[in-house]
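Here's what TrEMBL has on this protein:
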DOMAIN    B:69-181  domain '3-dehydroquinate synthase N-terminal'
BINDING   B:Thr131, B:Ser132, B:Lys144, B:Lys153  NAD(+) binding site
DOMAIN    B:183-329  domain '3-dehydroquinate synthase C-terminal'
BINDING   B:Glu186, B:His251, B:His268  Zn(2+) binding site
Protein chains: 2
Amino acid sequence: MESMIRVNLGSLSYNIAIGAGHLDRLGELITPLKLGKKILLVSNPEIFNYYGERTRISLEQAGFDVAICTLPAGEEYKTPETLQMIYDAALKYRLERSSTMVALGGGIIGDMTGFAAATWLRGINVVQVPTSLLAMVDASIGGKTGVNHPQGKNLIGAFHQPKLVLIDPDVLQTLPEREFRAGIAEVIKYGVIWDQELFVKLEQSQGLDNIQALDSGLLQEILTRSCQSKADVVSQDEKESGLRAILNYGHTIGHAVESLTGYTVVIHGEAVGIGMVAASQIAVKLGLWDEDSDRRQFAIIEKAGLPTQLPPGLNINDILDSLQTDKKVKAGKVRFVLPTRIGEAIVTDQVTSDIIRQVLESSPVRCLA
Amino acid sequence: MESMIRVNLGSLSYNIAIGAGHLDRLGELITPLKLGKKILLVSNPEIFNYYGERTRISLEQAGFDVAICTLPAGEEYKTPETLQMIYDAALKYRLERSSTMVALGGGIIGDMTGFAAATWLRGINVVQVPTSLLAMVDASIGGKTGVNHPQGKNLIGAFHQPKLVLIDPDVLQTLPEREFRAGIAEVIKYGVIWDQELFVKLEQSQGLDNIQALDSGLLQEILTRSCQSKADVVSQDEKESGLRAILNYGHTIGHAVESLTGYTVVIHGEAVGIGMVAASQIAVKLGLWDEDSDRRQFAIIEKAGLPTQLPPGLNINDILDSLQTDKKVKAGKVRFVLPTRIGEAIVTDQVTSDIIRQVLESSPVRCLA
């Protein structure tokens, strides 16, 4: 079983190749792209330990010269300082403009490697090999790259499209369960905002809360539909001047929750889950979508084993405050993505603080503090 | 006297507005661009002291909210660390995606501000207001931005086109004479590689070695023709995949000379002057262009008061070595831009180390060591 999805962006177009065992075909799959001979493979020690040698061998067998750069794992290292480690490796290995960085890892490795590639010699090639579900269906596609500023996630970054995204579902076997569920949050998102059929498949599936609950056919379909959704949206709006903003469904309140809990209590996908529950209720309050759809979405999020309530201790005023520093603020107004029916969403800046407060104070997304 | 030049890059197109007194019209000239209300004005203390308040007033009178960020002056501060100062100001002032950074200064301020704008929130607007001749005719146009790595200039950077380049020749009155001459080196470059008429004008002009020697009409024409040359080239090849490389005429050996002397003994334009003398002789040796053209170029460079010899103490082996680390190296081969006739140049990787050595050992670009 394998699929190939095209992200259409003119001269920046590229493929997403999805298939079990693809990791060993990386070298073969990038050969037609006419990249330079030198590759810097960037990973973290744990992921490299699992998949680094297979990746390296696949590349070397296809004739590439491979150098390795491993970065410390964890969001706290997603900084300009860690970026210097990639730059230093790039210099040491004398990467040229035709050279390529390969990001082997989750969203953090992908974002940092993408940004390093975006900014080394004013832009060299990058190939994304995501190893987490979240990175597979979201972070690795669409060219958003970056590092954190001490006061905000991904504030420093660039758009830099990869030359290829290679997804091997087999590597999800080593992904911690909690991270798997967090990835499912983004899959649910695509079902709500873009792909009604995906939504229904998630609704009908027996279990969503761990990889063993999914048969490989369904997993391949979930990956393919999610990547296709993201590709559709990004192809229409690379730089997020319009449509692409709908991908932030669940992310407005989600980011605030992540940020206020220091990115440790609640991980990204979980925060998005909470954010989707909240956004769905806001949409109900505004009469944009019905309670039945809200309940159906809630049921899927619960089935995926994702949290649906704000973590204890969060202050609602702090959340409202935090929304003001979001990257998506425009002319001081907070923008929300709200579903209108299953498979469709809109962006609006017409959500008042009062409505946000009402939703955050009420069950199910009530503040437990 | 004023001119307006268009850089044609599809949706990234922009104007270069050149005219005495334009500084006071900045606010008016950017108003049609529909930029957001917030502007971060980035400069260094000396330049801000001369021109900061006029710039701020012009922007405020057009209705913009202006915050100021001044950076320490000097190439040694063109680093990722200084960049953080711009990011911190951007965060403090809560710049949004529609906000704009205005770079008021020479090439260093322009490059760093451009890169900060390229990477803050994955790219916000930048307007270039160059105050040195070098920045006016070269650095501010074409979207090359960046900072230095401890081991190489501009190794970290991005392409990020400005929304407007505003050039006010009057501000050159406060430019140190040596920097004025260094800027003239890039003007001469355009004459050699692109604009034969410009070359002839430079040949006929009475003095090129200081701003007082130039009448304002000739200065306006030199600026306009240089910017037009750069705009022509950049419009045809934004990301330097082909033609744009000819703008590196004089820069191959120039960069090596700058780098080996620690960027202090010889400033950029001077290094380009030396590099053009060398490249011209290489072109003669290869039979690409004639000795008469070589002599004519040499005469202009001398008239501009630019050095034509390598600084004392430079070792030729070190220069040959340094060429290997140049950004323009491709598959290990050093690429040279060589003139073929006045107003035309080609890029070639067919220059052997032997030929480079012969030229560097011979007069006029002989090694004085």
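Backbone N, Cα and C atoms are what each Cβ position is placed from, and that goes for glycine too.
No curator has checked TrEMBL annotations; they are predicted automatically.
Here the features listed in TrEMBL are painted onto the structure.
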residue: B:Thr131; record: NAD(+) binding site; contacts (Cβ under 8 Å, 6+ apart): B:Ile47, B:Tyr50, B:Tyr51, B:Leu104, B:Gly105, B:Gly106, B:Val171, B:Leu172, B:Thr174, B:Leu175
residue: B:Ser132; record: NAD(+) binding site; contacts (Cβ under 8 Å, 6+ apart): B:Gly105, B:Gly106, B:Gly107, B:Leu172, B:Leu175, B:Glu179, B:Gly183
residue: B:Lys144; record: NAD(+) binding site; contacts (Cβ under 8 Å, 6+ apart): B:Asp111, B:Gly114, B:Asn154, B:Gly157, B:Phe159
residue: B:Lys153; record: NAD(+) binding site; contacts (Cβ under 8 Å, 6+ apart): B:His255, B:Glu258, B:Ser259, B:Tyr263
residue: B:Glu186; record: Zn(2+) binding site; contacts (Cβ under 8 Å, 6+ apart): B:Leu133, B:Leu134, B:Val137, B:Asp138, B:Ser226, B:Gly269, B:Val272
residue: B:His268; record: Zn(2+) binding site; contacts (Cβ under 8 Å, 6+ apart): B:Gly107, B:Leu134, B:Ala182, B:Gly254, B:Glu258
Packing count at B:His251 (Zn(2+) binding site) (other Cβ atoms within 10 Å of its Cβ): 24
Filtered binding-site residues - B:Thr131, B:Ser132, B:Lys144, B:Glu186, B:His251, B:His268 - keeping only those with Cβ under 8 Å from chain A: B:Lys144
Cβ-centroid neighbourhood (8 Å) of the Zn(2+) site, B:Glu186, B:His251, B:His268 excluded: B:Leu134, B:Asp138, B:Ala185, B:Lys189, B:Gly250, B:Gly254, B:Gly269, B:Ala271, B:Val272, B:Gly275
